[in-house]
């Protein structure tokens, strides 16, 4: 009996120690699993030390700069600079050719001075060949460049040709029998120094984005072909007429307008083929009814 009591007495404290140790560690794990107080304190300490270092550095830099700032030279040089700028402003006259920076894209285009306000040191320029009027500072005007003007005029002409080609292709897509093999849109060889010129008001090609554009609503899908009154179509027709593919889009100028144009062209072609198929099926039904009556 003594041995059994001694054994049970010696075993109880071991079990109690084990249980107490497990409960303690379990509670501490559950309570500290989402506790990030130490991390927040470390972050705040690092930010505070960084701000303190920056503040001390700024004070040192400002004090160093104040000691080493050079003295200004006499105002004679400033007067000479003012004379040079005044002379450069006075050289422009109404009707002079120049090159100006268009505010829409920040590129240089040839222009002509329409009016000058010497008090405000501004002028109104008209971009050559396009009619866009814009107010510019006289100090911002550049000397005219003949080669740039020629390239801009040539690009504008090719730009108009591309817009004409796009309208021709949209008309050809409405007539099933026309072929578009002979229509080849020209790729505008833009100068690497300049983007396309600014556009005229209205639906035209935008500056800096060469290629075909799709402005306005899509063309309405054509109606299905009329019923052949007394003609019986063969049971296996040759298929729908050839539709010209949508105009190519330059991969360098892909944007929302290009994606929208491609979607509208696909929608238009899908509507045409759907109408053709529905008309063909209706012709087949009418032909079968006429044969059954006969």
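Quick reminder: no glycine exception, Cβ is built from N, Cα and C everywhere.
Summarising the annotation, Swiss-Prot assigns region 'Disordered' to 1-32 (among others).
Marked as SUMO2 cross-link by Swiss-Prot on the basis of similarity to another entry: 51 (among others). According to its DSSP assignment, residue 51 (SUMO2 cross-link) is helical.
The region 'Disordered' annotation in Swiss-Prot covers 60-88 (among others).
Annotation source Swiss-Prot lists region 'Disordered' at 156-222 (among others).
Residues or ranges marked as compositional bias 'Low complexity' by Swiss-Prot: 156-166 (among others).
The compositional bias 'Low complexity' annotation in Swiss-Prot covers 206-215 (among others).
The SUMO2 cross-link annotation in Swiss-Prot covers 209 (among others) and rests on similarity to another entry.
Summarising the annotation, Swiss-Prot assigns region 'P2 (binding site for SM B)' to 240-267 and lists similarity to another entry as the type of evidence.
Note on the region 'P2 (binding site for SM B)' (240-267): its mean pLDDT in the predicted model is 71.
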